[in-house]
Ligand code: DX5
Ligand code: ZN
């Protein structure tokens, strides 16, 4: 199933609840929360208190993407705040297997993220334990960047591995996914589509989400 995970990084924070509601009306089914610590990435965003504030305003799953140096230290706080899905960057996890176990033990769905410079092969051993793999199609840190086509091969390779290994993890893609790039991403095999700047815009968010999903689903049915 193709799903839109709308990234609130591009929303108007002063009206966050309304922004989420508009993206949800447009068909978005996952709230993507970009957590940045100013160390792993050169930007600072939000943490567990924001997740806690979001929890009562929507029933949609909260997908927290941790771009932080020491994710293990924050796993309990995100669980407590109400996160449903939690992904960690492969690059910062000295004990990736242990970190994914910890996420699961805290009742959240574990995901692992790879940057554009990180090969898919670094994940093979943990694929059986993840609910989703997030392929970054920009270098993380900021919204509104240009899509890097090298992500397409990685998505296709992951889809192949999933088949070969008899697994059912989902493939999420994040960064520069917009009207003009979403078709190729879906054709490559991604099914959780993160989009921020392509969705949020004053007065147009609902319609943007609808149009985005329409394009994505058309590409998916061409594939079959
Ligand atoms: C980048 C973040 C993305 C970002 C996507 O570090 O992980 O989730 O919000 O934004 P757009 O869709 O604007 O590229
Ligand atoms: Zn993200």
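In case you wondered, yes, glycine gets a Cβ from its N, Cα and C as well.
When TrEMBL records 32, 34, 174 as binding divalent metal cation, the matching candidate from 65, 131 it lists for that site is 65. The record assigns 7, 65, 141, 142, 143, 144, 174, 175, 176, 196, 197 to the substrate binding site, and the maximum Cα to Cα distance across that set is 17 Å. Under DSSP, residue 197 (substrate binding site) is assigned to coil, being neither helix nor strand in the three-state scheme.
Here the binding-site residues are 34, 174, and the one whose Cβ sees the fewest other Cβ atoms within 10 Å is 34.
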